[in-house]
Structures are given as C-alpha cells and as structure tokens.
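K.L.:
Per TrEMBL, the features are:
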ACT_SITE  C232  active site, nucleophile
BINDING   C111, A112, A113, P114, G115, G116, K117, E135, D162, D179  S-adenosyl-L-methionine binding site
DOMAIN    1-303  domain 'SAM-dependent MTase RsmB/NOP-type'
Amino acid sequence: MSLPQALLDSLSQVTGYQADSFIKTHELGESPTSIRINPDKINTPPAHLNIQSPVLWNQYGYYLNARPAFTFDPYFHAGTYYVQEASSMFLEYAVKQSVDLDEDLRVLDLCAAPGGKSTLLASLLSPDSLLVSNEVIKSRANILVDNMSKWGLSNTYVTNNDPKDFSRIGGYFDLIVVDAPCSGSGLFRRDPEAVVEWSLDNVAMCSQRQQRILADVWDSLKEGGILLYSTCSYSEAENETIMDWVIDNLSAKNIVLDKKDTDTIQQWGIVRTESPENKAIGYRFYPDQAKGEGFFLAAFQKTKADYKPFHRPHIKPQRTKSFKHEKSVLSQWITGLEDYMWFEKNDNFYLINPEHESDLKILQSNLYIKKAGILLGQIGAKDLIPEHELALSTILSEQVPILNVSYEQAIAYLRKDDFVPDTNQRGWCGIAYEEHILGWGKALGNRFNNYYPKELRILSRLP
Ligand SMILES: C[S@@+](CC[C@H](N)C(=O)[O-])C[C@H]1O[C@@H](n2cnc3c(N)ncnc32)[C@H](O)[C@@H]1O
C-alpha cells in the first residue's frame, strides 16, 4: 500500500507519529480482527471464533486469530457479539473515566450508524438510563435500527435527524458521543480504496463539518454534561485543531481521562497528545503502537448552561381502557411484563421502560424516532403476531417455545430457504442455534413458515 505523500508530510510534526514504523505497518497491511460480546446475551466469547486475547481497554473486547466468515455464523445474527475495530472500543474507557455509570443517564450517540459505538454504550448503561442513537442518513439509520434491535435492549431508541434538530431539546443529555464523519486515514489498512479518495482538501472540508456538527449539537448537552469526540483520522485539523476550536467557541473545558493511570495508557500503546493553543489532552492510536487502527478521542465538559431549556410535556393520567386481553396475551411472551410500560400505536404494540415515558414524549415531539424500546407486534383476536425485534430482545419470556436447529438448518433459515425442522411443536417458536434465537418460525404440522425478515436474509451460499 502506498500512502499519500501529502498525508505523510502533514504528519511529520504530529505527536507520536513515527514515520518508519507507521509506513512499514501499512506496507504489511495486516489488520487485527476483533469482536465485542453482548454481555446481555453471553458471558464469554464463543469458542468457535478462535479467540486470541482480550482487548486491553475494553472488558468485552477480544482479538481473533483469524477473520472468519461472520455472515455464516448464527451467533453473529443472534446479536451475541458485534464485529468492531479494537481502537474504537476505547470509548468504554473514556465513558468510565468521565461519567458515573451508576446514575441514570440520558445519552446521545449523534453519528451512530452502523452502531458500533451505540452497542458498546448500550452494554455499559444502567437499565434506567436511555440511549438515543441518531443517524442523519436515512438508509444508514435503517441499518442502525437493525443492529440495535439485534442487541436486544429496551432502553435504546433510534432517531433519524440532522444534528441541529437536537438544539430543540436544550440541556437534555448528560453525555453526548460525536464519532464524527472524517477523512478516514485511520482505516487505510482496512480499506485501501480510501487511500485514493484521501486529499488535504477533504481533510479541510471534514474539519469544517466537524465544527458545524459540534456547534449544532452543543445546546442539547446539559451544564456539567460530557461530550466525547472521536475520529478515525490522523490529521491534526480533525483532532487537535478541533480540541482548540471546542474550547475557544463553546463553553467547554477539556477532561483528562488518564489522570490516575498515564502509565497504563502508555503500556497500551496509546499516545497522549496536546492541542497547540489550549493544551487540551486527547488520545491517539497509531497501528504501529497500539493493537488496532488509527483513532482519536478527546473529552470535554460543559461549563455553562448556555441553552434554552426544553419544555417538559404534561403526562396525562393513565388510560381508562383495561387492555385485559392484550395484557393476558403479552404476559405469555414477555418476562416481568408488569415492570414495563407498553402501548399501542397504529395497531402495533411497543414496550418501553416506564422511567422513559416522559422522555419518549419529549423526543417524539422534537425528533423523528425510528425505533423506541422494543416493537412487539400486533395483537389479534387470539394471539400476538410477534415482530422480529421481540425474538432478538432480552425481554422475551422463557416460556416461549424454542426450536433448536442444526447449523445447516440455521443457515437455511437465515437464507430464508425452505426446510422442515424435525418437530412435533405447533405454532410460533423462536428458531435458535445453540439456544441463541435468530428469529421466528411457525410450525404447522407438515409445514413450516419461515418468518425471518426478507431484507435481512443471507444472500450468499455457504462456501
Ligand atoms: C464514523 S461514522 C460513525 C460510526 C459509528 N459511530 C460506529 O461506531 O459504528 C460517521 C457517521 O456520521 C454520519 N454523518 C455524515 N455526515 C453527517 C453530518 N453532517 N452530521 C451528522 N452525521 C453525519 C455518517 O453517515 C456516518 O454514519
């Protein structure tokens, strides 16, 4: 791989950059494969993934010895793990050092698709906390919904809004993550084609856009709230320059994350960097020094309430209709139904955490919500017609029948191919591989209906 000379020249004075080893690492082109497990679905990484070692800065992250065909792994489709580049898992360390995770937090992941940082955040937050994962590009917001549904938690919402729309909810969030769109030089080993698209003009354009995004979302952060900014670029204009811009233009102070363990950060191969003007501290990952791709992260705290507070909606008293039938149907499908709040909208039933009732109202009246809590399905005269999201959720009752299928059948199911499982069961059942549910099926005697969503099906064949 030949790296753009203009990039190499621009990095010559950048903190931590070591030209020879940086170039050599890119010439080798080997990039480690890593996954992060979903602690709400599994406790240890699946053995068949051939685990090499843990990711040092993330309690759920692991490197693999080789990159498997994830498409043909039912565990992947069951949402038991997420394939994520290791450096970006540093977000866990940053969150732990900057906020109190025992508190109930309102968290925004502003640039969230496809969902790497959002699934990481979801696994860290308390159940009463709320995560809003936003993506401005509609098609990417759909992928984000799929990935958050797969992760299975009821305290995660997905919105499809422009950053400036969040100014309508001044001071709402305790924590905002801005994993900004960037020039992408940090991922050159992964995506050699990105090398061709890289230019200094694009870096300058990205830097301007990053400032605009930060300015647009800033109002929605509360006083004392934390903003975590990250990129996968090596360029100063997208990293140190942005740190200075934030401090000069927003009522923000820099947070040093490694006050107590600078040595640990160093041992991990992470480089501490300082902004030229305000001496703000940020963290750089170089692939020749830390085991991962290029990454940058910096933390800030809001020092002043510089926003117009949002309007808290009035919550009307509870509905009068008893919903007796619906309650009896849903209690067959959901563990501890009484601990949740559920409601009907346009014939569909949804479930959220009761603590988030007013949050839903606030978000609904200001933003375009694509997913709120868990979409359960529709209730007919007799039973629920369950949605795929419910099958993959962590609220599904253990009473719901499960049909464990073989590996070949699991792949056939995920391809939406015809197959008849060997069972005497009748009716709806969760199709599972080694107890991990993949979606719904309906057994009808000598027939079997495959309800795996068409748009998610595997299109390729087993090699
Ligand atoms: C680096 S990617 C996010 C990756 C994601 N956080 C993850 O960990 O999976 C940046 C995201 O910002 C979105 N984006 C592009 N332009 C944007 C803009 N003007 N405002 C906000 N987000 C934007 C992109 O569509 C992309 O999904």
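Placement of Cβ uses the backbone N, Cα and C atoms for every residue, glycine included.
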K.L.:
I need the CA-to-CA distance for A113 (S-adenosyl-L-methionine binding site) versus the residue listed as 'active site, nucleophile', whole Å please.
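P.N.:
The residue listed as 'active site, nucleophile' has its Cα 14 Å from the Cα of A113 (S-adenosyl-L-methionine binding site).
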K.L.:
Rounded to a whole angstrom, what is the C-alpha distance between K117 (S-adenosyl-L-methionine binding site) and C232 (active site, nucleophile)?
P.N.:
13
K.L.:
From the Cα of C232 (active site, nucleophile) across to the Cα of G115 (S-adenosyl-L-methionine binding site), what is the distance in angstrom?
P.N.:
15
K.L.:
Over the residue list C111, A112, A113, P114, G115, G116, K117, E135, D162, D179, recorded for S-adenosyl-L-methionine, what is the maximum interresidue Cα distance in Å?
P.N.:
20
K.L.:
Suppose we draw a 10 Å sphere around the Cβ of K117 (S-adenosyl-L-methionine binding site). How many other Cβ atoms does it contain, all chains included?
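P.N.:
K117 (S-adenosyl-L-methionine binding site) is surrounded by 24 other Cβ atoms within 10 Å.
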K.L.:
Please report the Cα separation of C111 (S-adenosyl-L-methionine binding site) and C232 (active site, nucleophile) in Å, rounded to an integer.
P.N.:
13
K.L.:
For C232 (active site, nucleophile), what residues in its own chain, 6 or more apart in sequence, show a Cβ-Cβ distance under 8 Å?
P.N.:
S87, S88, C182, G184, S185, G186, L187, E293, G294, F295, F296
K.L.:
Using a 10 Å cut-off on Cβ-Cβ distances across all protein chains shown, tell me which of the binding-site residues (C111, A113, G115, D162) has the largest neighbour count.
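P.N.:
Neighbour-count leader: G115.
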K.L.:
Please report the three-state DSSP label of K117 (S-adenosyl-L-methionine binding site).
P.N.:
helix
K.L.:
Looking only at the domain 'SAM-dependent MTase RsmB/NOP-type' (1-303), what is the mean pLDDT?
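P.N.:
Over the domain 'SAM-dependent MTase RsmB/NOP-type' (1-303), the predicted model scores a mean pLDDT of 97.
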